[in-house]
Ligand SMILES: C[S@@+](CC[C@H](N)C(=O)[O-])C[C@H]1O[C@@H](n2cnc3c(N)ncnc32)[C@H](O)[C@@H]1O
Ligand SMILES: Nc1nc2[nH]cc(C(=O)O)c2c(=O)[nH]1
Ligand code: SF4
Ligand SMILES: [Mg+2]
């Protein structure tokens with residue numbers, strides 16, 4: 001990569017852009033509401049069930065000037081969701097401050113595995129056992145969304161919920177490929193622990209991005 005481009009990516013003024021799309025937030029607290037998604041490439045957390053493995057290698061996604069990302073996003077929606085890949089792989093301050101300058105609501109989907117950069121109106125933290133969140137993000141999270149792939153993930157969810165703030169919204173989301181097995185466990189858990197809510201990947205049922 002050109003040294004000048006690399007420097008801009010290091011600073012967060014250019015980002016490896018995988019895709020951007022206007023859709024309905026399919027998961028978690030804001031489910032069912034329109035939002036423009038920006039999917040930034042690059043993730044080395046390595047969840048074996050990840051539904052966007054194509055995002056992992058940043059070199060396969062073109063370094064893109066954040067100005068053009070912001071102009072595009074602002075023409076579609078007042079709510080912008082930054083996802084990936086793992087967006088916190090990169091310095092999110094330049095992108096989020098440019099979005100805030102346009103008075104947009106800025107949300108992130110993150111594993112929390114890398115330092116929290118950027119200014120966020122909504123942080124959805126989805127912790128992963130294989131690369132745990134850094135301690136700093138727990139108290140900042142507005143939403144904790146734990147993916148349930150097996151029974152042990154329910155105990156993991158409980159332990160993670162001890163680390164977030166008292167007004168953090170708690171969600172359990174079945175891993176897509178095992179949802180038939182996990183939904184009964186999740187529904188029983190939520191009935192016994194009503195501070196939790198069920199999150200489904202509703203966009204996959206709606207056949208939208
Ligand atoms: C693809 S990730 C990108 C953002 C960030 N790397 C993260 O994991 O939070 C977006 C969301 O999808 C969830 N997710 C990924 N694969 C999934 C699957 N197979 N089933 C259910 N949720 C999944 C993640 O846990 C995360 O909440
Ligand atoms: N519609 C829709 N909602 C989503 N919520 C989180 C997503 C993500 O991949 O981060 C996602 C996604 O990919 N599509
Ligand atoms: S952290 Fe997110 S993007 Fe990275 S592998 Fe896990 S689910 Fe996929
Ligand atoms: Mg997704």
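Cβ atoms are placed via backbone N, Cα and C, with glycine included.
According to TrEMBL, the features are:
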BINDING   24, 25, 26, 39, 83, 209  substrate binding site
BINDING   43, 47, 50  [4Fe-4S] cluster binding site
BINDING   49, 50, 51, 85, 126, 127, 128  S-adenosyl-L-methionine binding site
DOMAIN    30-209  domain 'Radical SAM core'
- Message: Return only the integer: C-alpha distance in Å from residue 209 (substrate binding site) to residue 127 (S-adenosyl-L-methionine binding site).
- Response: 23
- Message: Within its own chain, what residues at least 6 apart in sequence put their Cβ under 8 Å from the Cβ of residue 127 (S-adenosyl-L-methionine binding site), listed in sequence order?
- Response: 111, 112, 133, 144, 146, 156, 160
- By CA-CA distance, flag whichever of 43, 49, 50 among the binding-site residues is nearest to residue 83 (substrate binding site). 43
- Query: Can you tell which of the binding-site residues (39, 128) has the fewest other C-beta atoms within 10 angstroms of its C-beta?
  - Reply: 128
- Distance-selected binding-site residues near ligand 1 (C-beta under 6 Å), from 24, 25, 51, 83: 51, 83
- Message: Give the mean pLDDT for the domain 'Radical SAM core' (30-209) on the 0 to 100 scale.
- Response: 98
- With every protein chain in view, how many other Cβ atoms are within 10 Å of the Cβ of residue 126 (S-adenosyl-L-methionine binding site)? 22
- Query: Within 10 angstroms of the C-beta of residue 47 ([4Fe-4S] cluster binding site), what count of other C-beta atoms is obtained when all protein chains are considered?
  - Reply: 19
- Do me a favour and check the Cα-Cα span between residue 51 (S-adenosyl-L-methionine binding site) and residue 43 ([4Fe-4S] cluster binding site); whole Å is fine. 12
- Query: Is any of 25, 47, 83 (binding-site residues) within Cβ reach of ligand 2, i.e. under 6 A, and which?
  - Reply: 25, 83
- 43, 47, 49, 50, 85, 128 screened against residue 26 (substrate binding site), Cα within 10 Å - retained binding-site residues: none
